[in-house]
Structures are given as C-alpha cells and as structure tokens.
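Undergrad: Dropping a structure here in structure tokens format, bear with me for questions.
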Amino acid sequence: MGDKNKDDSSSQSKAVRKEKRAFLFRKWTRVDVMRVSAVGAVHLLCLLAPFNYTWEAFRFAAMVGISTNLSITFSYHRNLTHRSFKLPKWLEYPFAYSALFALQGHPIDWVSTHRFHHQFTDSDRDPHSPIEGFWFSHVFWIFDTSYIREKCGGRDNVMDLKQQWFYRFLQNTIGLHILTFWILVYLWGGLPYLTWSVGVGGAIGYHATWLINSACHIWGSRAWNTKDTSRNIWWLGPFTMGESWHNNHHAFEASARHGLEWYQVDLTWYLIWFFQVLGLATDVKLPTDAQKRKMSLAR
C-alpha cells in the first residue's frame, strides 16, 4: 500500500551507528527521574489491567486514548510544531490542553524537541537519532535531558509558544494537571478505569509515538527523495493517527496531510479537513504538484 520504493538501502546507509552513551551510570536530573517514574507507572498499570477488566473501562480507555493521542498529532505536531494550519485560540488551546493527558509532556518541550529533530535529522544532534541504536531512538533518549541540551542547546526555537501565557502556564503546572486527572479517573471508575485508560491507553500511545522515532527511520518504504532515513509504515497508520507516513512527512514537513494518497489512512488529516470545511482551520498547507515531482523517487 503506497510502497513506491521498498527499503531503499542507500538511505539507510546515511545513518552511521554511533557509540552509545552511558545510560544507567550517569548523573540523573530531577526531570529524568520524573519521566522514568511516569513511564514506569504507566507500564505497571498496564500490567495490572487484565486483572481489572470491565467493558466500561475498556470503552472509556478507548475514548481517552483516541482523543488525547489525536490531540498530540493534531495540536502539538501539525498545528504548533509545523504550523501547517491555523486555529482560533479558543479552539487551539483546548486541543493543546487535551494533549497533556497523552502523557508526552507540555507543548513547549514537545514542540522544541520535534523542531530540533527536523533541524538535525539523523545526525549527532538529533534528539532521538537512529544512529545511536533502536532503543535509544525509541525510548531511552527521553530519560537523558542533559544529553538533549548538550546536543541541541537551549530551547530557543519555541519563542512563539513561550510568548503565550497559556503555554507557559502548562509548562509550570503540568504535574498538577496530570495528577488531578489520574485522581479523577480513579474516583470515577476505580482501578479498572485507571489501569485501562492510563495504563493500557498510555502504553499504546507511548509506543505508537515512539515507533515513529525508531521504526519509521529503520523499516518500511520510501516514496520521496529525502536526505534522511525516514520511511512509511502503512500498518501503523491507524494506530499513529496517520503519523507513520513518515517519509511523506519529512518530504513535506509543513504539510497538514501526511497520508498523501487516498488509501493512506490519516485520521489527523480528516480532523483538520473537517475544521477546514467549517471554516475554523485556515491557511491549511499542502504540497503542490511541482513539489511532489521534485521530491519523487519515481521521477
């Protein structure tokens, strides 16, 4: 499906493996400890979920998981990071707030990291570069904030967000929002709701996102002549809200649509298109035919 060129070996050779940085025996910052604790708690709750199954909990988890992870891709990624479309603030802010509960951090941090990824893709300065191994690009990079700072410098690439009081507020209070959410979920549905929505939903959301950083730079197909190892993995499309059309994305970073063919499932694009039809999403960016011809591997 959509595989114009399968496993282009020349692109894979661009990522030269780098010597691994020490993971356990290093200085851990407070943020590192908080992150590993949160990720560990989510996976522990996931392990407890089979012993706390109810249909209501499963249904609630599906609703929370889809809405929060769709908010990540719709808000954090395509709206805030790449500015691929514009929203009125009364609509932009609620989506950004909803994304908090996907447990991937606040907008300033997430957007800054992803902008660095595109600026330094597959290089020594890429925050989650595949040249440092699958598990580093998949998850370990998250727990070494000092290393990210060494490679990329300060987060001065998100001044557009730092200038807005709402995003500064989320940055300073994210822990309070997450803890309050977990408490409310527990009070509403007990352990079944907590283990399934936070545990199972959180773990699936984590690994779906992380596979874009790891697997989508190692396996899959390439349709576009990008100067990196980005790839499309079709079967991940529904689970990642359309983000696994990663070679498409790296070819046209500003595009609001990642599934460029009609058969490439892209739930995030469907939501953007819906708001565009309503006149709420404006300045929606899409690649032109000339841009596609220039980037195509088939030319």
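Cβ atoms are placed via backbone N, Cα and C, with glycine included.
Pasting the relevant annotations from Swiss-Prot:
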type     : residues : note
TRANSMEM : 38-57    : transmembrane segment
TRANSMEM : 58-76    : transmembrane segment
MOTIF    : 77-82    : motif 'Histidine box-1'
MOTIF    : 114-118  : motif 'Histidine box-2'
TRANSMEM : 174-194  : transmembrane segment
TRANSMEM : 198-218  : transmembrane segment
MOTIF    : 246-250  : motif 'Histidine box-3'
TRANSMEM : 262-282  : transmembrane segment
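Help me see these features in their spatial surroundings.
TA: Cβ atoms under 8 Å from those of the transmembrane segment (58-76) belong to residues 92, 95-96, 98-102, 104, 107, 110-111, 114, 189, 193, 196-197, 200-202, 204-205, 208-209, 240-243, 267-268, 271-272 of the same chain, restricted to positions at least 6 beyond its ends.
Among residues of the same chain six or more beyond the motif 'Histidine box-1' (77-82), those with a C-beta under 8 A of the stretch's C-beta atoms are 92, 95-96, 107, 110-111, 114-115, 161, 243, 253-254, 256, 268, 272.
Model confidence over the motif 'Histidine box-2' (114-118) is summarised by a mean pLDDT of 96.
Listed by sequence, the residues of this chain that lie at least six past the ends of the transmembrane segment (198-218) yet keep a Cβ under 8 A from its Cβ atoms are 12, 15, 39, 42-49, 61-62, 64-65, 68-69, 72, 102-104, 117, 122, 128, 130, 134-135, 137-139, 141, 182, 185, 228-233, 236, 239-240, 243-244, 246-247.
Across the motif 'Histidine box-3' (246-250), the DSSP tally of helix, strand and coil residues reads 5 helix, 0 strand, 0 coil.
Remote same-chain residues near the transmembrane segment (262-282) are listed as 1-2, 70, 73-74, 77-78, 84-88, 91, 232, 234, 237-238, 241-243, 245, 248, 256 (criterion: CB distance under 8 Å, separation of at least six residues from the stretch ends).
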Undergrad: Other than its close neighbours in sequence, what residues sit by the motif 'Histidine box-2' (114-118), given a CB gap under 8 Å and a spacing of at least six beyond its ends?
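TA: Residues packing against the motif 'Histidine box-2' (114-118) from afar: 76-77, 81, 125-128, 148, 151-152, 157-158, 213, 250, 253.
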Undergrad: How do the residues of the motif 'Histidine box-1' (77-82) split into helix, strand and coil according to DSSP?
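TA: For the motif 'Histidine box-1' (77-82), the helix, strand and coil counts are 5 helix, 0 strand, 1 coil.
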